[in-house]
Amino acid sequence: MALRGLIRQSKVRRRREMLPQQVGFVCAVLALVCCASGLFGSLGHKTASAGKHVLLDTWRNRKLMAPINGTPLAKNCTDPAIHEFPTDLFSNKERQHGAVLLHILGALYMFYALAIVCDDFFVPSLEKICEKLHLSEDVAGATFMAAGSSTPELFASVIGVFITHGDVGVGTIVGSAVFNILCIIGVCGLFAGQVVRLTWWAVCRDSVYYTLSVIVLIAFIYDEEIVWWEGLVLIILYVFYILIMKYNMKMQTFFTTKQKSIANGNPVSNELEDGNDLYDGSYDDPSVPLLGQVKEKPPYGKTPVVMVDEILSSSPPKFTFPEAGLRIMITNKFGPRTRLRMASRIIINERQRLINSANGVNSKPLQNGRHENMENGNVPVENPEDPQQGQEQQPPPQPPPPEPESVETVFLSPFSMPEAKGDKAKWVFTWPLIFLLCVTIPNCSKPRWEKFFMVTFITATLWIAVFSYLMVWLVTIIGYTLGIPDVIMGITFLAAGTSVPDCMASLIVARQGLGDMAVSNTIGSNVFDILVGLGIPWGLQTMVINYGSTVKINSRGLVYSVVLLLGSVALTVLGIHLNKWRLDRKLGIYVLVLYAVFLCFSIMIEFNVFTFVNLPMCREDD
């Protein structure tokens with residue numbers, strides 16, 4: 001929890017500084033979608049006309065019914081989801097003449113509001129719940145913390161099932177999944193400023209299970225309707241994923257041992273030298289002895305990035321007394337602030353050790369259990385019988401490492417204006433939102449409100465539901481005004497708006513040297529999006545609210561988009577493997593190109609460019 005708190009507070013502090021970049025990126029995505037829709041819409045009309053013998057000339061002039069000789073025929077278009085929401089203050093003509101800009105600004109404001117609620121209120125309350133339930137790091141990350149980052153997509157899916165009765169929710173889930181895999185990895189690779197070596201186990205574990213989830217989703221939506229047992233299967237699959245995360249360390253140790261055994265041609269023993277049982281990965285459990293003697297492992301490779309998970313979990317070192325004290329102080333027996341400081345201390349110590357190793361200065365164990373060049377300032381004693389040998393072998397003294405960077409806890413406050421001019425403008429722009437949230441939601445990150453974390457959880461959930469409804473409503477109006485189908489708006493604009501904050505946060509984490517954690521978490525969060533983000537709304541509709549009913553999938557092209565999603569996962573993992581499990585600029589450009597190709601093909605499929613897939617959206621003269 002301490003390391004997660006360190007990362008989250010750093011993300012919250014820096015994400016607000018990147019608000020212009022986030023707004024610019026989302027606006028650029030909307031502009032590209034408008035251009036692509038205008039281009040592919042004209043191409044798709046010819047295919048649709050040839051395939052269905054549509055009588056009308058253009059899609060924009062379609063009516064809800066196409067009567068011939070006064071006899072109404074079946075609809076030759078798809079009902080827009082805009083009619084499921086309250087009537088807009090502006091007519092369609094007024095929106096086309098400029099009023100749609102107000103809706104775009106409102107949607108951007110809702111994106112930012114969701115990011116603020118999730119980061120500053122919802123996620124801290126989830127952390128408190130995990131602490132009270134004494135959940136392990138892996139189980140908490142797979143359940144509550146995954147819900148914290150994917151709540152906007154979940155509520156968008158709920159609104160799509162129960163309110164719009166359309167595909168905007170499914171489109172948002174699919175688009176967000178592709179965005180998380182391709183765009184976030186690409187941005188981290190381009191702008192991290194360093195080469196990040198990825199851990200094969202985390203990527204393979206989440207990618208394999210995510211591939212299974214996508215295959216199941218394709219099988220379920222292929223017939224364009226969802227029945228009760230299909231939603232139940234998705235939920236059960238997520239329960240199995242939680243079990244996998246619960247026994248993650250044991251599985252990682254098992255497969256890592258098998259891999260080393262195959263690579264070396266001989267079996268690898270994990271037995272402890274003091275006669276204990278097999279070392280099954282329990283070294284990450286704070287309850288095990290911290291000063292036990294274990295067999296030597298090969299030294300870490302020379303890399304500018306500290307693999308925190310790998311260092312603290314996969315390769316147990318010989319702990320000295322100060323190091324063991326730090327390990328003890330990150331357990332649940334100590335307060336959150338103490339654990340946060342000790343976790344940052346461990347990270348800096350390990351990074352300094354890698355830097356010393358890269359410079360040719362090795363930390364050698366001494367007979368008295370101390371290490372040379374230790375951060376605690378201990379100096380080894382030379383052998384008095386051979387002073388010259390001691391002088392030759394003793395490396396030059398190293399300066400003490402810098403103190404851990406203090407992570408200043410930043411709380412939202414509508415009553416403190418920042419000093420910088422740019423920050424003042426953003427503060428004025430977001431002041432109504434900050435004031436509303438601070439008045440209605442107790443901030444359980446503050447000590448005085450810490451015991452009210454359940455109140456924070458409930459009120460934050462209500463605000464997320466309200467903001468998600470407004471977000472989907474505004475995006476639906478924008479799509480109807482610009483002639484963009486709901487599925488495309490979900491795959492592109494909604495997905496980008498709900499995922500760009502996570503993208504910026506992952507970039508911040510990657511710049512701090514924790515890119516491996518950021519990449520593996522993006523893939524793992526997609527499992528939650530598919531299995532829970534779709535399984536819960538579908539299950540509620542077909543088993544609770546209206547038992548025996550079905551959920552209709554209106555867009556046939558959505559099946560092809562999910563197939564493209566499956567292909568993007570396979571190509572991404574293949575690219576990571578061919579790049580020798582390194583995240584750099586070359587891999588970043590590769591996955592961003594894949595994301596652009598996915599968007600182009602998804603838009604072309606929805607507009608019937610290749611073959612007839614969907615009826616166009618119904619238009620009205622207003």
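Placement of Cβ uses the backbone N, Cα and C atoms for every residue, glycine included.
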Write down the residue from ASN69, ASN76 that Swiss-Prot flags as N-linked glycosylation site.
ASN76
Would Swiss-Prot have MET329 and ALA505 facing the same side of the membrane, if we go by the names of the topological domains it assigns?
yes
Sort out for me which stretch, of 173-193, 201-221, 458-478, 587-607, has the most Cβ pairs below 8 angstroms to the transmembrane segment (143-163).
458-478
Could you check whether the transmembrane segment (587-607) packs against the transmembrane segment (480-500) - three or more CB pairs closer than 8 Å, residues at least 6 apart in sequence?
yes
Intrachain residues whose Cβ lies under 8 Å of the transmembrane segment (201-221), provided they are six or more past its termini:
170, 230, 233-234, 237, 241, 244, 248, 251-252, 255-256, 309, 516, 519-520, 523-524, 526-527, 530-531, 534, 553, 558-559, 562-563, 565-566, 569-570, 572-573, 576, 581
The repeat 'Alpha-1' (139-179): DSSP-derived helix, strand, coil residue counts:
37 helix, 0 strand, 4 coil
Distant-in-sequence neighbours of the transmembrane segment (458-478), which means Cβ under 8 A and at least six residues beyond its ends:
30, 80-82, 85-86, 88, 95, 100, 103-104, 106-107, 110-111, 113-114, 117-118, 121-122, 125, 151-152, 155-156, 158-160, 163-164, 168, 437, 440-442, 484, 486, 489-490, 493-494, 497-498
Quickly jot the same-chain residues contacting the transmembrane segment (480-500) by Cβ under 8 Å, restricted to those at least six beyond its ends, or write none.
22, 25-26, 29-30, 32-34, 37-38, 41, 59-60, 78, 80-82, 92, 95-96, 100, 103, 107-108, 110-111, 114, 152-153, 156, 160, 164, 166-172, 174-176, 178-180, 183-184, 471-472, 555, 557-558, 561, 599, 602-603, 606, 614, 616-617, 619
